[in-house]
Amino acid sequence: MNQKLNYLKKLQVWIPDPEEVWKSAELLKDYKQGDKVIQLRLEEGKELEYCLDPKTKELPPLRNPDILVGENDLTALSYLHEPAVLHNLKVRFIDSKLIYTYCGNKQLVINMFLCFRDERNQSIIVSGESGAGKTVSAKYAMRYFATVSGSASEANVEEKVLASNPIMESIGNAKTTRNDNSSRFGKYIEIGFDKRYRIIGANMRTYLLEKSRVVFQAEEERNYHIFYQLCASAALPEFKTLRLGNANYFHYTKQGGSPVIDGIDDAKEMVHTRQACSLLGINDSHQMGIFRILAGILHLGNVGFTSRDADSCTIPHKHEPLTIFCDLMGVEYQEMSHWLCHRKLATASETYIKPISKLQAINARDALAKHIYAKLFNWIVDHVNKALHSTVKQHSFIGVLDIYGFETFEINSFEQFCINYANEKLQQQFNMHVFKLEQEEYMKEQIPWTLIDFYDNQPCINLIEAKLGILDLLDEECKMPKGSDDSWAQKLYNTHLKKCALFEKPRMSNKAFIIQHFADKVEYQCEGFLEKNKDTVYEEQIKVLKSSKFKMLSELFQDEEKALSPTSATPSGRTLLSRTAVKPAKARPGQASKEHKKTVGHQFRNSLHLLMETLNATTPHYVRCIKPNDFKFPFTFDEKRAVQQLRACGVLETIRISAAGFPSRWTYQEFFSRYRVLMKQKDVLSDRKQTCKNLLEKLILDKDKYQFGKTKIFFRAGQVAYLEKIRADKLRVACIRIQKTIRGWLMRKKYLRMRKAAITIQRYVRGYQARCYAKFLRRTRAAILIQKFQRMYVVRKRYHLMRAATIVLQSLLRGYIARNKYQRMLREHKAIIIQKHVRGWLARVRYRRSLKAIVYLQCCYRRMMAKRELKKLKIEARSVERYKKLNIGMENKIMQLQRKVDEQNKDYKSLLEKLTNLETTYNTENEKLRSDVERLRMSEEEAKNATNRVNMLQEEITKLRKELHQTQSEKKTIEEWADKYKQETEQLVSELKEQNTSLKKEKEELNRRIHDQAKEMTETMEKKLVEETKQLELDLNDERLRYQNLLNEFSRLEERYEDLKDEVNLMVSIPKPGHKRTDSTHSSNESEYTFSSEITETEDLPLRMEDPSEKKAPLDMSLFLKLQKRVTELEQEKQSLQDELDRKEEQALRTKTREEERPPMRGAELEYESLKRQELESENKKLKNELNELQKALLEKSSPEVTAPGAPAYRVLLDQLTSVSEELDVRKEEVLILRSQLVSQKEAIQPKNTMTDSTILLEDVQKMKDKGEIAQAYIGLKETNRYDYHMLNEDGELWLVYEGLKQTNRLLESQLQSQKKSHDNELEALRGEMQSLKEENNRQQQLLAQNLQLPPEARIEASLQHEITRLTNENLFYEELYADDPMKYQSYRISLYKRMIDLMEQLEKQDKTVRKLKKQLKVFAKKIGELEVGQMENISPGQIIDEPIRPVNIPRKEKDFQGMLEYKKDDEPKLVKNLILDLKPRGVAVNLIPGLPAYILFMCVRHADYLNDDQKVRSLLTSTINGIKKVLKKRGDDFETVSFWLSNTCRFLHCLKQYSGEEGFMKHNTPRQNEHCLTNFDLAEYRQVLSDLAIQIYQQLVRVLENILQPMIVSGMLEHETIQGVSGVKPPGLRKRTSSIADEGTYTLDSIIRQLNTFHSVMCQHGMDPELIKQVVKQTFYITGAVTLNNLLLRKDMCSWSKGMQIRYNVSQLEEWLRDKNLMNSGAKETLEPLIQAAQLLQVKKKTDEDAEAICSMCNALTTAQIVKVLNLYTPVNEFEERVSISFIRTIQMRLRDRKDSPQLLMDAKHIFPVTFPFNPSSLALETIQIPASLGLAFISRV
């Protein structure tokens, strides 16, 4: 379609303007073919006629749509021309305050990982005028690389790279008329990266330092910054020797007349410079040397000369500036003063010294100063490069070129010529690159293209550098003996004036020439060209400096004669670009240095060629800096200057090249998504490419205006605007239809709402009227009811008064009668009681007398019968003894007789019972008769008393009649008084009621206020508690994070220490020539780091290093010593942090327990608890006493038979001992609980005394002897603190309570430790005693079994023999036990002798008893045989003979496994190798139980603990830890390996806790597991070491996760379109179409989720703790969110509404993954909150103040800087959206100004949350674990 047809009414165009360059105007009518004038209206409303050029008839440029105005990429503009570019820059700079704008591949913010996807090195070329911001832009680029990539080592290379900027700015930057910080040299910094794109080092090359500025500055300019920084710091003590002063004192710093820059403090800048030098390894001595040389240069500039004549001059005697210069430089005054005024000339025959004139001396002085400064500059650059140099192999690099821009001044000299020459070369390279990109794009898409004509500046470059060019003629003139600037100018005129169109001669001058550069014409003055090109200095002055006593100065000149070629690099990799040629006194034939023949121009040309080769070998990116105005005003835009620079820097040329072809490019999917609205449903095909072709053929008839490529559609300039217009028209029609429909719907809704409102009003009015009528009826009825009840009340009141008076009279009379009756009955009852007791006493006396007589008779009778029975028994006993002698079998008869005796006794007892029953019946009958007699007597007395009472009652009745008359009279008076009193009382009651109601109201109001105040106080205190709790948790996490960071740093230093130690070992044992070291020798020499030998290794290492090889690496030795010192400091700091961490955890625990409420106990409950406590304590003491007595009885008082192990009495006592011990423990726990409750209750009753008096609290704590008791008391104390928190806070005693708690905590900790030690000692003693008792019991059981098999005669001897053997063994045991204490052994021997004597006496007594019993047995046998001889025949022989005792068989149980593994000490390396070093995690995770290596290692530790072998335990644990470290060092990049050993390390740590024997870790153990606890060693310290190791492994796991996810995050979360068609709705620019993102292999969100699934499944297979998995997932999500948000903040093309939708969808998918894995409570979702809020910020409305308030409340997880950055970067994607206004952003800033958050823009993606390892006991029984043969652990055995 013809573009001229686009000029329609209302269209906006650009017209030229002399002031603003271009002005915007609007067409008033359509343009028709052939019109010579166009009717326009300017923006201010003025109408004019614009005449077209009659020759070209060129129409004015069209203006872009408003949606494209302010676009961040100029190539995205539909119309590409000068006014569009200028206006776009002005809008972004003035309105949006944005200083960066893209123009195709000229960009600043480069995604480093995208750049490296094509595996090519990159270059950033920063150029522009002086003062345009080149240095700052380069600085930002390096800062970006350092922030995004990080460092690959512990040396923080990125900080060093950034630290090089202040150093180079101080020595290479100066103030000019155009710039306060102008770079007066060029530099190219190569930042090296490893394979993971982390910074490993850097290298700097410098170009053409402006040395002339050292000795001369124009007006309003300054020398280099370093000189003014020195003068501003002259008052410092270390600078006193430099004898500096004010900058106006020195000639070299006062020429410009502007020594101070507004807003710059040179003293502070000096501090920054020195800090940067220290960071880059320039020590203090070298720094002072640099400052000494610089001060010498300043003093040299003040050296003055006096003329003696026209050809000679002198320096005054003892000239102070020269004296100071010589002192600082360490040279002789006489020599320096002589050679400053003389020079040495050499001829063919002789050499002589010639004086020089004053002007020549001044020039020589200035040349010397420039030469010294240049040497110092090169020396500093060399040292910076050494500091940035890396030994790691460089994989790729990004070069940043900060070079001078095109310069033109009133007077342009040699420096401006070289600068413009360099810019010509760079512009040529830029043009070729842009053309090449366009060509590659067309070829890639197979688009037919024609050669695009572009400006080629090769003729200008040939004019300068070709043969017989300007530089060649300049070098040739420098070689002439009498060459001069004038003769060189004539040669230029003769050679180029008429032959080259780019070379011109000024009209009014014969000493200047003009060159037509690509940017502008520049006139150069020839004066000084030759001198600057030769840059000579007298050799004699250099010799004086070389002979200096100042070592550093001599170093600057020591390589003067060994200068390298400028085309070769120095050892530091820097090209020498500004070497000064030293003029010798005499040139020796054949020995002239080639370096001296090369001029500055020749050197610069060579270095420029090298630079271009480097740039051509990389992918370049361009930053063109535009200076907005010449007055250094902020955000002031000068259109003329901007256009001039745009033309000069090649931006417009780039645009012209793009516009000449097809500047607008769309992918088919993007085009379809954007222009789908222009299609009908039938036009949409499955083939997107064909669909787009069909649509374009309908819309654009001219096929030359577009081309179809393989993946994109290419458009000519203006076609996208035409399509946008068609699209906007169709959308406008659709919007009108939508508005029409919606407005109708809204009006209908409004009508229905009004109708509904009218009906509602009517309903309420009618209801109100009905309610009023009903109220009237209710009031009428209420009045009638009130009257009725009032009348009823009066009548009822009168009746009640009369009734009450009657009742009173009746009650008085009846009461009087009842009282009299009661008195009578009471007297009768008392008399009966007296009679009863007297008669009972008489009866009892008679009974006792008779009973005593009866008992006496019974005793006499029974005594007589007993004597008779005794005689019979004696006779029977003698006869039985005789029968027993005769026949042993008569024992049965004795038993029968005994049975008969028992039967007779039973009969006797039955008779006796009958007798007692008869006696009781007799006594009862006797008592009945006596009671009847007594009752008759009492009835007689009652009759007498009744007659007396009748008389008394008659007398009382008369008295009562008299009193009745008196009361009636008194009643009348009382009634009268009562009526009066009643009236007064009623009145008083009414008044009191009124007062009562008012008081009630006041009371209710006060109660309400008190309740509200209490509620408010409660809420405030709860809020404070919550805030304090959160703060304590934050402090705890911060301390834990700091500790873990220090642990991470310690591990890095540890690795560095091992590497250094290996290097030292390599240096010490250097192999002989021809010998190659094998892996076996390497492994044998490898040093093993153990925790036990850490100190000795660090102490012995310096001794080992005293070797001749030490001279070869002095820097490594010093570094090693520093690291060694740092390790010790970190260990101390680690210990202090651990203590502080413990305190923080205790504070967190204290705050947590405050939140638990506890109801107060009543006083009765307290008394009950105290009584119960006393009872339990007394019972406890009683049980202890019984226990001690039992133990003493077992050890001392019992007989050998009773105390012998295995005897029944012994077993009974043992059972009783165990039961008593168990009961004692139960009682002890109850006492502890009661004590803790009493302490807490007592403090609850008296809170202030308890809280304020910390000494009482300490005394109570000191009385507690058990750690459980102390813990319970501590918990109760904390609960009580929480109880009375409000009262404490009101009294201001909270701090005192906190101090008391801290003291209590310390005391509790100390007592806990002491209690733990004593408990462990007692436990060890009891375990040993139990073991010995078990062994003794088994031994005694065996002896008992053997004794039972022996005959009865031999049993006694065998038992005695065994007892003697046992005592002998016991004696030997105690002899060994008390070998060190002879007193104890002697007392033991005495007790043993006493015991043996007692045993002998008991043995003799038993022998006597046996003999006596044998005699009695014979007697009984004889008697039985004589009495019952006949019965012997009935006795079988089997009953006579004793049956032999059958031996008892004790079956042996099958051996139970104890959950231990036994191995030999020599097999420990093999165990570590097979179980740790060579173990494959994948096989173990799939086939075996999780954590198997940890269980095996712990079972080995258990066996070593069982053997009480501390060396074996220490060796095994140390080898295990070192083995894990080796594995992680070797395979630390493998996620499975790191996850596997993290899981096993945690399981090993949990096993050490679970089986440690501590009560807190044994709660979930089974009884069998409690038996497996460690018995001999406390491995708490090794638990801490394992915890630290687990932290290190966790951090390494996080780093592995980060490395795997890093390439996926940006592509999957930001770049990939998960929801197709939402993005890509805006015309793309050149940046998007030349993106290096490949279609194949691009990561998506599914890739991230698959990787997360892989991580989760691996961790679950390895049996990792669920809580630890949650922490890993949380860290993973934090990294994902932080990296995504950081890239969002750095990429404007991602800040759009559609991208916000994509991000929110991606986050929802991640949340869904968390739900599927049951990880929503892991805290991972909260880490994505900043990213979620950023996505919401992209989608919310951003116009009104309400929107600003909503944004401020919504984005609480984002910082102010991040919110403002997102708003600034927000880019509309279609015309219906609007940009965020500056006023709205300022409103946001004002609302957020009080928010205290970090000013940092980017999130710390390297941040690692502090990890915790919650205790997770295992339910697996150790004795059930089987060791698979695949592990190769056949050398260990189960125990």
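Any Cβ shown, glycine's included, is placed from N, Cα and C.
What TrEMBL lists as domain 'Myosin motor' is 1-728.
The domain 'Myosin N-terminal SH3-like' annotation in TrEMBL covers 8-60.
Here TrEMBL flags Gly128, Glu129, Ser130, Gly131, Ala132, Gly133, Lys134, Thr135 as ATP binding site.
Here TrEMBL flags 565-578 (among others) as compositional bias 'Polar residues'.
As annotated by TrEMBL, region 'Actin-binding' applies to 608-630.
Taken from TrEMBL, the feature coiled coil applies to 880-1063 (among others).
Here TrEMBL flags 1081-1095 (among others) as compositional bias 'Polar residues'.
The annotation compositional bias 'Basic and acidic residues' is assigned in TrEMBL to 1101-1112 (among others).
The feature compositional bias 'Basic and acidic residues' is assigned by TrEMBL to 1134-1160 (among others).
Across the residues of the coiled coil (1298-1350), the predicted structure has a mean pLDDT of 68. Positions annotated as coiled coil by TrEMBL: 1298-1350 (among others).
Per TrEMBL, coiled coil is recorded for 1396-1423 (among others).
In the shown protein chains, 22 other C-beta atoms lie within 10 A of the C-beta of Gly128 (ATP binding site). Applying DSSP to the region 'Actin-binding' (608-630) sorts its residues as follows: 9 helix, 7 strand, 7 coil. On its own chain, Lys134 (ATP binding site) has Val126, Ser127, Gly128, Ser183, Asp402, Ile403, Tyr404, Gly405, Val623, Cys625 as residues at least 6 apart in sequence with a Cβ closer than 8 Å to its own Cβ.
Helix first, then strand, then coil: DSSP counts for the domain 'Myosin N-terminal SH3-like' (8-60) stand at 0 helix, 24 strand, 29 coil. Packing around Ala132 (ATP binding site) is summarised by its Cβ count: 21 other Cβ atoms lie within 10 angstroms of its Cβ, all protein chains included. Note on Gly133 (ATP binding site): other Cβ atoms within 10 Å of its Cβ, all shown chains, come to 20.
Packing around Glu129 (ATP binding site) is summarised by its Cβ count: 25 other Cβ atoms lie within 10 angstroms of its Cβ, all protein chains included.
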